[in-house]
Each structure stands twice: as structure tokens, then as C-alpha cells.
Amino acid sequence: MGHTHSRQLFVHMLSVMLKHRGITVSKTKLINFLSFIEEVCPWFPREGTVNLETWKKVGEQIRTHYTLHGPEKVPVETLSFWTLIRDCLDFDNDELKRLGNLLKQEEDPLHTPDSVPSYDPPPPPPPSLKMHPSDNDDSLSSTDEAELDEEAAKYHQEDWGFLAQEKGALTSKDELVECFKNLTIALQNAGIQLPSNNNTFPSAPPFPPAYTPTVMAGLDPPPGFPPPSKHMSPLQKALRQAQRLGEVVSDFSLAFPVFENNNQRYYESLPFKQLKELKIACSQYGPTAPFTIAMIESLGTQALPPNDWKQTARACLSGGDYLLWKSEFFEQCARIADVNRQQGIQTSYEMLIGEGPYQATDTQLNFLPGAYAQISNAARQAWKKLPSSSTKTEDLSKVRQGPDEPYQDFVARLLDTIGKIMSDEKAGMVLAKQLAFENANSACQAALRPYRKKGDLSDFIRICADIGPSYMQGIAMAAALQGKSIKEVLFQQQARNKKGLQKSGNSGCFVCGQPGHRAAVCPQKHQTSVNTPNLCPRCKKGKHWARDCRSKTDVQGNPLPPVSGNLGEGPAPGPETMLWGNTAGSKRTIADLCRATRGSAGLDLCATSYTVLTPEMGVQTLATGVFGPLPPGTVGLLLGRSSASLKGILIHPGVIDSDYTGEIKILASAPNKIIVINAGQRIAQLLLVPLVIQGKTINRDRQDKGFGSSDAYWVQNVTEARPELELRINANFFRGVLDTGADISVISDKYWPTTWPKQMAISTLQGIGQTTNPEQSSSLLTWKDKDGHTGQFKPYILPYLPVNLWGRDILSKMGVYLYSPSPTVTDLMLDQGLLPNQGLGKQHQGIILPLDLKPNQDRKGLGCFPLGTSDSPVTHADPIDWKSEEPVWVDQWPLTQEKLSAAQQLVQEQLRLGHIEPSTSAWNSPIFVIKKKSGKWRLLQDLRKVNETMMHMGALQPGLPTPSAIPDKSYIIVIDLKDCFYTIPLAPQDCKRFAFSLPSVNFKEPMQRYQWRVLPQGMTNSPTLCQKFVATAIAPVRQRFPQLYLVHYMDDILLAHTDEHLLYQAFSILKQHLSLNGLVIADEKIQTHFPYNYLGFSLYPRVYNTQLVKLQTDHLKTLNDFQKLLGDINWIRPYLKLPTYTLQPLFDILKGDSDPASPRTLSLEGRTALQSIEEAIRQQQITYCDYQRSWGLYILPTPRAPTGVLYQDKPLRWIYLSATPTKHLLPYYELVAKIIAKGRHEAIQYFGMEPPFICVPYALEQQDWLFQFSDNWSIAFANYPGQITHHYPSDKLLQFASSHAFIFPKIVRRQPIPEATLIFTDGSSNGTAALIINHQTYYAQTSFSSAQVVELFAVHQALLTVPTSFNLFTDSSYVVGALQMIETVPIIGTTSPEVLNLFTLIQQVLHCRQHPCFFGHIRAHSTLPGALVQGNHTADVLTKQVFFQSAIDAARKSHDLHHQNSHSLRLQFKISREAARQIVKSCSTCPQFFVLPQYGVNPRGLRPNHLWQTDVTHIPQFGRLKYVHVSIDTFSNFLMASLHTGESTRHCIQHLLFCFSTSGIPQTLKTDNGPGYTSRSFQRFCLSFQIHHKTGIPYNPQGQGIVERAHQRIKHQLLKQKKGNELYSPSPHNALNHALYVLNFLTLDTEGNSAAQRFWGERSSCKKPLVRWKDPLTNLWYGPDPVLIWGRGHVCVFPQDAEAPRWIPERLVRAAEELPDASDATHDPE
């Protein structure tokens, strides 16, 4: 075959042989295949012949090449070609013979006996699979036929391309089905007779394409095939026979591979026995055990669609493993799809994973044959990447040697179990050696202990061969005779054997094995071995060394490059090294390592050898082959790689010092499962950071004396010398003896400095002797040793003590260990590296050196590394802000013995879990326990007092998320965090505030005190801190996957996405971030399949509903019971169709007494309402939102109140208004506007967008009317971008409200009606109702005491009296507003029975009217002309003149309203002084405000706006407007006041501007010396308005006497009118304005003028009286002079010879002439 013609002949022979079997292959591909064979097997062309043995040898060489170089170096069709050719050469295949015998045994299908049940033929294929027979008349020439063969080779490439991924021949039973057609042809070629019926096994190609011809563009359809067979295949008959035998079909009933029979495909179930064995293998040995992988490889030969692989994995794997498999399966399919796209293969990603348009199983039958092979290959690769199961560690740990079991039998059982679990033989042997010692019985362990790290399994078996029952019996007898334990006898025998071995010199030579001499003098040591060369790898022509090769061409004649250094011999090749470490054991440095990428922060490190880690081994030290020192100025931080953490390898972080020169090692453990670490596997990384040196250092280098940041403690042998240690105590050095028996250290008095204080100790000191009243240090002393350990202690001082004693108070802080020869301690020391009779040491030389760090999980042994740490961040909750640092101590109340025992158990449990810690805190809160229904106790703490001292955080999630917002058709994963509060640590500074005490009965012992380290139950901020902590942990996932729909509420997390692959990828990353923050996912609560239980909902694929609630009605007895029931109903109401009118009977039950314990009974209507609720719960169907389609807000016109629903094919969320309306009267369209606004708000809140359209129950004309006349309607649609419609879909769910009567305003008009009847109405509080109809007056006396109610009565009478159209006017705006809305008000919300009755009667009359009406408002007491004003005035007078029979009644009515004084009443109503006084005295309010007159002189103005006094008074009941600024015109006493929020300058200026707008500008303004009046801004203001401003005497209020009395008058008037006022709403502005009205307009002087009349009225020209007056300064009398003002206690006199008037006290004035009617004169009201 070395010649060209022979190679062409060989290619032609292979082509003909394959074509004869129905397989057309391109000659070009065969030539390329043979070229690759020649490259891999250089000896193959020289053999000259090809037989089955030679071809199998070629296959082995191909597999070896594949293993060494990977799939990239092997063409994709190589294994397929090799398999096809192997089948052609193998005529004696056992499988072929077995199948032939099986076929021969079948009966002739034409003569099937009656006993055999008939078998229905498989169903016909879908239309896309049907083939059309080709035209048999076509004929081709030889040239055309050759071209067609070449094209057919390309066409049939997919038929056998799937074999490219197979590693071996398809010879197992499970692979028989997929290769059925190939084997059939092979049987025929081998001469085996098949049944004669051609329909059963047609001689057709084994894999006809079953897809439509249009799949491959540009190719003609293949030739047709005969009709399908009606008989079963052997596999089908085997399945039917198994079913007839009663085999139970397992969970694999959905696993159906695709078979091809002629030109049809059908879908047939796999043998359930095969799948059942697979499931058992997964549960017993694990999904990645070799036995399980072999079954998966066998299953992979079937043409399984994606759905079958998913179903198989779901049935065999656990929930977590299934998620991992599915995620990896999707990744593998994505890679294959990328390759297919590049090569033009039309097998897409959706086809491979079975999603999208290929989700249904029927559509998966149309795939190309090669697609099934790719799917199976991806599924197998994903299965192989599953992690090893942690439960298999327990299985291995259970394989233990029995007391009487031979050791070799035990090892055989162990090897058999490991072989089924582990595929790596080398790693399995390492594990077997370890378990062969650990799981052996005590006798074998004692014999193997000295050799456990030196010998192998064969040595172990040889050593323990003689250990049996007789051996153990002899050991027991020896122990009994010596009085020792069996273990001590075994140790004694071991030590004796060790000494004997050392003394004897009969051991053989280590080189040649012969006895009598040592290896150093062995004659064979220096003899060199002679090696013979094999085939030259360079020229492949002969057997010689490559360095000696002189050939210039290879065996095929190709030129070869020259050999460099042909005459010289180069150095031997070094060990293989890697960029991230050393796997060959050579010494490497940090400088030899390379970073993975340019941006890599750390240097990767790997293990140098195979290592097996088990949970029982604890932490192990792994060598890296990399040595220090680090680069100058740096220090190394050793961390684990994330990929290693995902595989279950825990890398413990450590610090590599800058001066460390030893080998850098990795501390690794496998806490959960068995882990195999291969040589060269990257598991850790070294991060170099700058070295910062602060403080003092010891002047020595670490070199290679220790690994990590600190050395192990030195172990010192006990000798005759005392174990002394020098300490530095408070800057002084002391040397002392280590005393492990001393509880506390003692310093000799002769070494005690005289300047250090000391005191008498309270307790005695006992030891060998006893010392009473010893001395002790008065203060804590700080000690420090030379290794840097430090601490504080309070030593005793004893006289006559020769040496200082360092007790356990110091030794415990130093971490000193004791070593004793007990068996327990010996076991620990042996694990740390101790050799018997040699002491400790790394090199087993007996030299005392620091031990290698090999800590165990139980923290026993020498040198403890912090096992609890890993390379995860230390996180805790945010610190809490506190109002005070004052400790809060609440005494613990006593507990009964039962509760105390329960509390102690719960506290110990929390202490063991690390949730609490011992405490000495100054805070204390009591604890108590309660027993749950299950019988378990629960620990609670009363933190109410502590909660009062903290700043409360706001709620981060004020509402519950709705599942409706989850995108429709999404894949969902729901997880629950386990004990979320208890996994979140408190801020360290906050722990002390949550301390508690555990009491004891009868104070038998001090209380044990603890404090919480995690979020405690009952703390106000615990929910908020929990939410924020979890939100921070999952924030990176939200940022990395912005399209992921992630819902987090407390400890529940939901993930949803339409891409399942991305969902599982995000879930995997989410678990990592939660784990890094210390949050634990409850594995049993991971939900990956429908239905999901989430936040009280049950989520199904297309809908969800609330979990069914059973309404309990037997306990409904009080108001509190009904309140709780309606609270629960209100929570689920947004997900139920429950209109307000359905629940109204239950709402009515809540009315009445507000006492929570007040009795309530369930009415018949209430029971009906509860039945409606239960029916709504049963029929609920809420769907998910499809954001790609339109959805909207529908307003349903239900009775009493409208109902809203966000709707998309089905309801998304129901919307209801409050059962208690905000106003007493609201029209129906106003309620519709309210629910529209609420619906828009909830759409944005829950779905993040406005509803695309809103459907309202109003036509377009009605909508126009609402936009014109309803403000709330316009506000509801403000800035709405969507569409408004009134067309409802034909859905029964939305049509249920259409039958209800819905009212729109029809009778009440907004505009007056032309030529209608004119009506005026009025009502008075005296119960008189007046009615004027077309100038005819009517009145009636009612029992109502409210004017508005009386007016409603009058309106009702008008509606009953006038049936035709009318226009009604009234002066009550309240009545008019109510009448314009009452027609469409569904619910009258007033609580007054009188008003409710009248409104109901008016509404009923309006609903029955035929003619429209108009209700208008007209202002009362208007001076405008016109008939409307006159008509209203007539109705108003009609309500008064009928009952005002005298002026006294009128005065009494006026006083009841305004509370004037008696003088004003006498002048206003012309009644006697005594009658007026009696009215005031009979008032229930006014007598308490009588004031006595105060006499004094205060300057007054001589005309209006001459002199003002301004001040500020405070009225607290006005709230923020309590600052009342008051100004008074001193001439007329006219008052001006305004309300402000302060009394600064700007408020004073605002008040004066208000006064100027009504009264003008004064000439002079007098104020006090307050800062608001003395500021520069106020002075500039007065100057701008040309006002002369002056102030009084500081701190003397008499200068402001007039305005001060005005303050009192205003306050008294406000108190008078405070009670029983129904004229207006009680606002501060209304009250103050009313008081000013009474004081300015209704308070009259002696002349009958009010302050307003005196201020704005005309000046009187009457003659001024003359008086004589006395000057108080000169005591001289002057006059007579005219009097300008004569007030109460003061007189203003204008001397004739003066320029200005004088103010004189009234007692210094005498009349010069008699005044007219002086006897009837009265003082000014002031």
C-alpha cells in the first residue's frame, strides 16, 4: 500500500464495500481519512493487508491519540469511518449472530398462530414525515451516476455523522436498537438467512432520511421506500412481552426514542428495565459513578429527542442535580448550535434543547438523524460534569472491617465499592489505602500504624494476614495477665517490634534486594542499564535513537529538517511545568509563574500530585512546588478559586510573609463530599499586596521555619531543667516558671516593684501550703512575651517565694499545649507527624522543631489554623441608630420549673448554633417561653423597652408583590432562605443591647447572661435590616441579569425568565452570592416545577390563585372576630371577584359600639355573603401578564360602587374602592373617576406602566359631559397617554355587571330650564320651612333644629307639590350641591338618620319624575336688584316674621348668635336696659366674661387713622396660626387682626399691609419694644409709608393699654362663640372674622354708633362741652376749655392757648357748664 496505485485501489475497495452496504461516502473524505491513519499509525501502510485484528489495532491507536491530544486533533468523521469499516470486516460478531438467531426463531409472519396477540402497527408519521415514492423509470449514465454518488455522499453525511462523537464500537445490547439497520445488512452479508418477507426487512439503506426534502436546499428527494412493516421489531416485542409479564412501568413512561421503519418514523417506549436500573444506579452509586456513566453511555446510543433526556434526568436526579444538568445541557447545546451555524448545518439551538417551536414532542420527530446524536452527546457530556454526590462518602464510611473478618476480605469489599463510585483508578487507590487503615478494626490499625504512610495496599494485606480471631484472643489474654488494656498491649508490642527491627541487620539491600550488604556498597548500584531503541520517531524507518538519526527523508519520501546538534548530545529534557505551578516536583519561584490574562489580579496555584479529600480527613496541606521569597515589599494572600469552591473544595485563606523562603502550600478540605484533585489542577490563587509595616518587630527572618502568618508553638521536653519563660510586664522584665497547676500567676515579693500598688486579696490562696490574706495587684497588668502574645492579668504577691509562677491565666492566652503518653494524645500526635522514640520533627529525625500545620475539624492537635474561615466577606446588618446611650435594664420575671427547663434547653441550642454568646452587658430584657400546638417550646424576648430607644427604620417594602406581574410563559424558580433572621449577624456594637438573663429557682445560682449575635425576633428593625441585607446580597445578580424578573420579599425569592438556560445560569450565580453573604437556601424548599407555592399563592403554568381558605364562622362572636375576618378577606380581595355590594352585609356588622369585645351576631345576609366569598375563592383564576400583548383597565358598573379590573384574557388584578366613602354624597360618575385613578396607580405600581386602554361604562356624549362638568373626571384622566373606550369584550366575567341598573344624570339639569315654574325655599333653625311657588307663599313648622335639614324638608315638599319642570333657588349652597348630586349617588354616607331619610325620599322622588328640574344658589342678604333677590328675601323674611312676636325675642336670637353686650342690644333692638341685661345674664356663656373697668390715661387719636396701637397676642387653640397680630384705631376703637405663623418682622409687615388694604395708613403707629418692631427692616417700612413710629417704655405694658384690652375682648368673644356654632366650619379664620364682625359692627356706644360707624361715619359738628382741669405737674387749675373726648377714666382737653390737646385723668376734670341729659349718660364701652 505504499504505492500510489495501491492506495487508490484501497480507497476504491472501501468505497465499493460501503456502497454495497447502502452507505455512500466521498472518495475525497476516504483519502483524508487514510492520511490521518498513516499519520497516527506510521506502521499501518507497511503491513500490506487489512484484517479485523489490524483494524482494531488502528482503533486503539486512534483512541490513544484522542486521549492525549483531545478532540481538536481528531477529524470529526474519523471514528464514524472506523466503525463502518470495522462492521464490514467483522463477520463473526457475536451480536450479529445473536440477532440472527433471534430472527430465525421468529415465526413466519404469514402464519402467525392465533395465540399470539395482534400488534397494531405504529401510527402513521405526521405529514411532514411522509415520503413520496420516486420514479423507477429514471436511468443515469455512468458519469452522471458517479457525480450522483458524490452528491449522495454529502447528502448521507448526516445519516452517520453522529458516530463521530462515539469513542468505541456500538456493540452493547442497549446500542442494538439504534444500529438495527446496520446490523441487519451485516447479517445478510455474513450469509445468515433472514425471513423471506421482503416487507419485514427490506434491503434498504439503514438510515433513510425521514425529514422533508425541502430541509436540504438544492437536493432532490431520495428514492421512495416500500410501505412500512406491520410487525414489531425485536425491541418492541421485548417491551410488550415485559408488560405482559406484569412488569410495573416506572416514571420513565415518557422516554421514547425515535425509530425508523422503512420511510416512516415512529416513537416507541424504551425498555423500562434499562431505565429502572439507571435510576437505581444514580441513587446507590451517584450520577457520576463509573457504573452509572456506563449506563448513560449505553443510553446515549438511542435516538432520544430532547424531551426524553429531560424526563430521564428529572426522574433519576435530585432537584439540585437536575438544575445543574439542565444548565450544562443548555450550554453544550449552545456550543453545538454555534458549530452547526458555522458549518451550514440546519440544526438550531431551539431544536437541540426542544424549546420554542420545537417544544412539543411531535415536532421533535422531524429532526435530522445527526441531530439526535448531537442531542445525546450534549446530554452525556452534561451528565459527566455533575458533581460527585456527598452521600457516597457515608457509603464508604460504612464499609468497615468486622471484629473477626479477615483483612483481605475487608479490602476486597472496599475496592469493589470504590470501583463503582470512582472512575479514576489512581485516585481510587489513594482513597482505598486511606480507608483501609481508618475503617479497619483496632487490631489491624495497631499493626498498620507505623506503616500507614509508607507501605501500599499489598503491604497492608501482608502485615494483617495473620490477624484473626486467635490473634485477638491472644492479645486479650496478654492484656488480662498484665493488667493493661488491649490498646496498651498493642502499643507495647508495636514499640518492641520497632526496636527489634532497628537492632537486626538482616534486612536486604534496597538496590538489588539481596541480603548481606547495604545499598551504599551494592555492586549493582553503579552499573548503568542498557536501553535498546525502538522505532525512530523522526524518520520511522528503523529502530535507532532520534539523536542518532541521519536520514534526510521519512518513510514516505518527504524531506526532513536537519537535526540540530547531530554530533552533540543535548541536555536531558526537564520535567513538564505549567504556568500556574509545578507538577513535576522541581523547585520554582514566584517569578516563574505567569498570569492567566493581562488583567489577572492573582497567580494561580495547583497541586503537584493526585490527592483525595474526604470529610473525615479535615484540612490537608497540598504542595505547590513554588517557593519563596515573595517580591520585595509585598506580602501574599492565599485565596481559593471560585471554580474550586463550586466543586466543593474549601481553600482556607492564609498570609504568606514577605521573608518566607519555604514552599508555599495550600490548606484544603472537602467538608461535604469526596473530592479528587488531579495533578496540575488549579485550585488556589496568590494575591500580592503591598507590605505595610507598623509598630515593633522582632529582629529575625522567618525563612522556611513556618508556613502562614504565625509559627506553631514550640513543644519542650520535660527535663531536669525548669521550664522558664521571660515576660515583659508593664515595661519590666520578669522571669518565671510555667505552672500548669496554678489557677492564677504569682510574683515573688522580692521581684515586685515598690512603686506598683497592691492590696489585700479577698480570697485565700491554696496550694502546697495555705496563705491567708495574700496581697494582690491593685490594677490590671499587661504582659507580653517575645513571640508577640499579650494579655492582662492581676497576679498575687507572696513573700519568700523563690521564683515567679506563670499560671493558666497566662498559659491559656499563649495557647500552650500539654503532651502526655496516653493513647488518645498519642493518636493526635501521630496524626501531626510524631514518630515513636524519635520525638517531633518535620524530617522524622527526632529534633524538636515547629510542627507542620495539619489541624483537624474538631480543632484537636498541635497548631490550629482558623478552620471556620474561608475566602468570603465578613458581613453583618447595618448598625442601628439609637436615641440614647443610657442602658435599659428590665428585670427578668420568674419562670416555673417547666418553663425554666425549656428555656435552658432552647438557650443551649441557640448557643451551640452560634446565635447567642455569653454577655456582661449593662442592658437586659426579660425572656419567656410559650408552648406551640405541636408541643415544642419557643423562646421569646420582650424587647419593647429596647425598641423605644432606637430610631425606627421605615418599611422598605410597604406592599406585597403580586404574581400577576410575572411575565407570562416564563420559567420559574422559587427559593426560601433558611432561618433568615438567624443567618444575619447584628452589628457588633449593637449586640450588647439585646442581652437577657436566665434565672434560677430560689436564686440558687447567679443568672446566666447571654446576648444575641444575630437579628432577634421582636426587634422593630429586624424585618427592615433583613430585607436590606438580602437585597444587598442579590444586587449583583440584578445588575448582571437586567432582563431577569427577580422578586424578593423578606426570605422568599422568585426568579422568572422566558429563557430557561439564562434562568438557571442566574440561579447558579444567585446561590454563590447568597452563600458569600452567609445566607442559606433551604434545599427542601427549592421549587422548580409547577405548582409553586409563593407568598400564599399557588402558581400554575397559565394561572395562579390564592391558597384555598376555609372560612370559620363558629367563632364569630365579637367585633374583634369580625374585624379579623374582614381583614383576611380584604387581603385576598384583589384576586377575587367580590364587588362591594356583596360584602356590604358584613360591613354593616362592624357598625355600632367601638368596643372590640362588644358582641356581634352573624345575620342571614352575612351568611349569604360568606357563601359568596367561598364561591369566589373556588372559582378564582388570575393570570400572568404578557407584556408583548395589550391589556387594559375595565370599569364595571356594579351596584353601590363600581368595580375595576386589570384584564388580559383573564383578570390580572381586581380593584375596589373603600367601603367607607370619604364624602357623604358622591355621584356614581365621581366614584368611577376615583376607581380609574386608583387603577392607573396600581397599574404603574405593580406592572410599571399605564394601562394601554381604559374601558368606561359611558358613551362618548356622556364622556364629553363629564370632562366638561366633573373636575374629578378630568383629574382621573390627566396626562393619560392611552385610549378611552366604552366597548366591553364578550366575556361572561366582564358582562356580569351589565344587568345592574346604572344611573347617569337625567332629571337634574345643570342650567336653568326656560319657561319653568319658579320656586324659592328657605329654612330656619327655629324649625320654620318657607316655600314660594310662583309668588304664592307657604310655610310649615317642623321639629328639626338645623336650618339645612329644614331646607331639605322644604325642597322635598316642593318636589311633591310641583310635578312639572321648575327652577328652584335657595340661599344654602350645601343644599344646592347635594341636590345636584343626589340623583346618581349610590351610597348615602351620612350618619344622621334625619338627613339620611330626607335624602332617600328626595332621591326616590327624582327617580320617579318625568320632567326635569334645576336647583340654583342665590346669595342671601344681597342689595342687588332683581326678582330673584326679592324672592329669596321674601322667603327669608317669611321664616322670621312669623315667630318674632317681640323685639325681645329678636334680641335674644341675635345674642345667641353674636353674644353682644347689653348696651349694644338695648340700642340695636330698642329695648330697656334691664331687658338687655337679663338676656346677657341668662346666656350660658357671657356672664363669666364680665370685666371691671380700669381707669387710666392713654393717649388716643383725635380722628380716624391718627394713632394706631399694634401688638401680637397668642391663641394656642389656633395651632400653627396662634400668632394673632392686632391693630386698633385709638379714636374709633376699630379693630383689625390677622393670623400668622410667627411674630418676626416679615409677619408684622404682612399684618400692616393687610390693615392698610381695608382701613388706610395711620399717621402714628405705637408698638412695644419687641424685636419685630425695632428692626431696621421695620423702620424702613414705616419710613417708606411716611408713618411716624414710636415705642413705649421697655417692659411696661401700660403704654399699650388700649391694644392690650383689645386682646382680651377678642379672646372673650372667641370663647363666647365657641360653643354651639353651626354657621360655619370651625376654622381659625372663620372664628376670628366672626369675632371682629361683632366687635366692630354690633358693639354700640352711648350715641348708638359702632366702631365701624365711628371710623367711617361723618364728623359731628355739635358744640363741645367746657371743663376746668388741673395740671398734675403744677397743681394749677386751667380753663374752661373744650372737651374733645370724654372716655372712661380719661378726658382729652384742648387748651385754647396750646398747640396740642392734653390728656387728663377724669378725676382732675370739673364741668364748667351742665351737659344735656347728663343723668342718662354712660361710659364708653372701653
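From the backbone N, Cα and C atoms, a Cβ is placed for every residue, glycine too.
Positions annotated as N-myristoyl glycine by Swiss-Prot, on the basis of similarity to another entry: G2. Taken from Swiss-Prot, the feature region 'Disordered' applies to 103-148, 550-570. The annotation compositional bias 'Pro residues' is assigned in Swiss-Prot to 119-128. Here Swiss-Prot flags 202-205, 287-290 as motif 'PTAP/PSAP motif'. Annotation comment: Swiss-Prot describes 507-524, 1446-1487 as zinc finger, evidence class sequence analysis. Positions annotated as domain 'Reverse transcriptase' by Swiss-Prot, on the basis of sequence analysis: 911-1099. The Mg(2+) 1 binding site annotation in Swiss-Prot covers D976, D1051, D1052 and rests on sequence analysis. What Swiss-Prot lists as domain 'RNase H type-1' is 1313-1444. The Mg(2+) 2 binding site feature in Swiss-Prot is assigned to D1322, E1351, D1371, D1436; the stated evidence is sequence analysis. Marked as Zn(2+) binding site by Swiss-Prot: H1455, H1459, C1483, C1486. Annotation comment: Swiss-Prot describes D1511, D1568, E1604 as Mg(2+) 3 binding site. Positions annotated as DNA-binding region by Swiss-Prot: 1665-1714.
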Mg(2+) 2 site shell beyond D1322, E1351, D1371, D1436, criterion: Cβ within 8 Å of Cβ centroid:
F1320, T1321, G1323, S1324, A1330, A1347, T1370, S1372, A1420, N1432, A1435, T1439
For the binding-site residues C1483, C1486, the largest set of other C-beta atoms within 10 Å encircles the C-beta of C1486
Quick one: among the binding-site residues D1051, D1322, D1436, E1604, which has the most Cβ atoms sitting within 10 Å of its own Cβ?
D1322
Sorry to bug you, but what's the C-alpha spacing from E1351 (Mg(2+) 2 binding site) to D1511 (Mg(2+) 3 binding site), rounded to the closest Å?
44
So which of the binding-site residues is most packed in, judged by how many other Cβ atoms lie within 10 Å of its Cβ, out of D976, E1351, D1371, D1511, D1568?
E1351
For H1455 (Zn(2+) binding site), the nonlocal same-chain Cβ neighbours (under 8 Å, six or more residues apart) come out as L1465, I1479, V1480, C1483, C1486
Environment of D976, D1051, D1052, the listed Mg(2+) 1 site - residues of the same chain whose CB lies within 8 A of the CB centroid:
I975, L977, C980, Y1049, M1050, I1053, A1082, K1085
Can you tell me how the residues of the motif 'PTAP/PSAP motif' (287-290) break down into helix, strand and coil by DSSP?
1 helix, 0 strand, 3 coil
Please identify, among the binding-site residues D1322, D1371, H1459, D1568, the one with the smallest Cα-Cα distance to D1051 (Mg(2+) 1 binding site).
D1371
Radius 10 Å, atoms counted are CB only; among the binding-site residues D1052, H1459, which position scores highest?
H1459
The average per-residue pLDDT within the DNA-binding region (1665-1714) comes out at 82
Rounded to a whole number of Å, the separation of the Cα atoms of D1436 (Mg(2+) 2 binding site) and E1604 (Mg(2+) 3 binding site) comes to 40
According to DSSP, does D1568 (Mg(2+) 3 binding site) fall in a helix, a strand, or coil?
coil
Expressed in Å to no decimal places, the gap between the Cα atoms of D1322 (Mg(2+) 2 binding site) and D976 (Mg(2+) 1 binding site) is 69
Could you count the residues of the DNA-binding region (1665-1714) that DSSP puts in helix, in strand and in coil?
3 helix, 27 strand, 20 coil
Reported in the order helix, strand, coil, what are the DSSP residue counts of the zinc finger (1446-1487)?
32 helix, 0 strand, 10 coil
For D1511 (Mg(2+) 3 binding site), the three-state class that DSSP assigns
strand
Going by C-alpha distance, which of the binding-site residues D976, E1351, D1568, E1604 is nearest to H1459 (Zn(2+) binding site)?
E1604
E1351 (Mg(2+) 2 binding site) versus binding-site residues D976, D1052, D1568, E1604 - nearest by Cα
E1604
Of the binding-site residues D976, D1052, D1568, E1604, which one sits closest to D1371 (Mg(2+) 2 binding site) when you measure Cα to Cα?
E1604
Could you check what DSSP calls D1051 (Mg(2+) 1 binding site) once collapsed to helix, strand or coil?
coil
D1052 (Mg(2+) 1 binding site) versus D1568 (Mg(2+) 3 binding site) - Cα distance in angstrom
67
